[in-house]
Amino acid sequence: MPSVRDIVGRDPEADPITVLTAYDTPTARIVDDAGIDVVLVGDSIGDAVLGHDSALPVALDTIATHTAAVARGVDDALVVADLPFLSYGVSEPESVRNAGRMLKEAGAGAVKLESGPHTVDLTRRLVELGVPVQAHLGLTPQHINRVGLQRQGTDEEAAAEILDLAAAHEEAGAFSLILEHIPANLAAIVTEELDIPTIGIGAGPETDGQVLVVNDAVGLSERAPPFATAFGDVRGEMIEAVEAYRDAVTTGTFPGEEETYVEEGLELDN
Ligand SMILES: Nc1nc(=O)c2c([nH]1)NC[C@@H]1CN(c3ccc(C(=O)N[C@@H](CCC(=O)O)C(=O)O)cc3)CN21
Ligand SMILES: CC(C)C(=O)C(=O)O
Ligand SMILES: [Mg+2]
């Protein structure tokens, strides 16, 4: 696995950074084989895979299990574990222990946490201890109960706060910053002001890289945020394949001769 230094050392103007989520080994292998730079084991697993309405119910053990599955499928990409709701920020020792587990047990190369005024000191502490941290500003869906899922940073005060917090997290040692669902002109300014690479989702084209939830990107999601685009129709393909299987079984064409083995001379008298 590359270190965060391989990501940070690049020239994103020439070579934008590509990030996708993955939650399982086969998907991670596809993403890694395609040359995607960073695989994020997102807490979006909550709604994308586990059937919850949000990411809030996702447990740290769930992220650990799926990060380990992803790490087993990846040769080249950096694996980032997305710390779930309340697994950090309650107390510093617990936050450090939980973040540390992602590197020591699950095979992540870095952790991401949703940032705010309350995570500057924690980011500094984790980085001091040797845990690479990716920050995340703009829409932070773990605050859904306070802010919903609306675009953030749309007035001057809110935009200035995002810019200030971005600088504070860079100064605290974050190696990269996710910017979610903010105006493109704000994301461009943040990107211009920071030295660390910014990764946008619903933040326009001027960040140093882009991230999407893989289910949205391949067209597997039933519902996706307004800023996501499906680059395929995996859901449509799965529906067709499952219906074709059903039809083959119910019409008796599967299993056919190809999939069937007969042991010649086998006779059981009972
Ligand atoms: N499949 C998936 N894709 C994602 O990008 C994603 C997740 N899940 N789960 C975690 C968060 C949640 N995200 C979301 C989800 C919905 C909107 C959205 O629809 N926003 C609307 C407003 C919706 C509302 O107010 O309820 C908008 O117009 O901004 C935005 C971000 C991004 N993340
Ligand atoms: C959308 C990305 C940035 C994320 O946090 C997730 O997938 O959980
Ligand atoms: Mg997340």
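Note: Cβ is positioned from N, Cα and C throughout, glycine not excepted.
Summary of the site annotation: TrEMBL records Mg(2+) binding at ASP43, GLU114. Screening the candidates ASP11, ASP75, ASP76, ASP82 against this entry identifies ASP82 as the one listed for that site. Cβ neighbour count within 10 Å across all protein chains ranks ASP82 highest among the recorded positions ASP82, GLU114, GLU180. Screening the binding-site residues ASP43, SER44, ASP82, GLU114 for a C-beta under 6 A from any atom of ligand 2 leaves ASP43, SER44, ASP82. Among the binding-site residues ASP43, SER44, ASP82, LYS112, GLU114, the residues whose Cβ lies under 6 Å from any atom of ligand 1 are, in sequence order, SER44. Taking a Cβ cut-off of under 6 Å from any atom of ligand 3, the binding-site residues ASP43, ASP82, LYS112, GLU114 reduce to ASP43, ASP82. Note: the Cα of GLU180 (active site, proton acceptor) and the Cα of ASP43 (3-methyl-2-oxobutanoate binding site) are spaced 14 Å from each other. Of the residues the record lists as binding 3-methyl-2-oxobutanoate, namely ASP43, SER44, ASP82, LYS112, the two whose Cα atoms sit farthest apart are 13 Å from each other.
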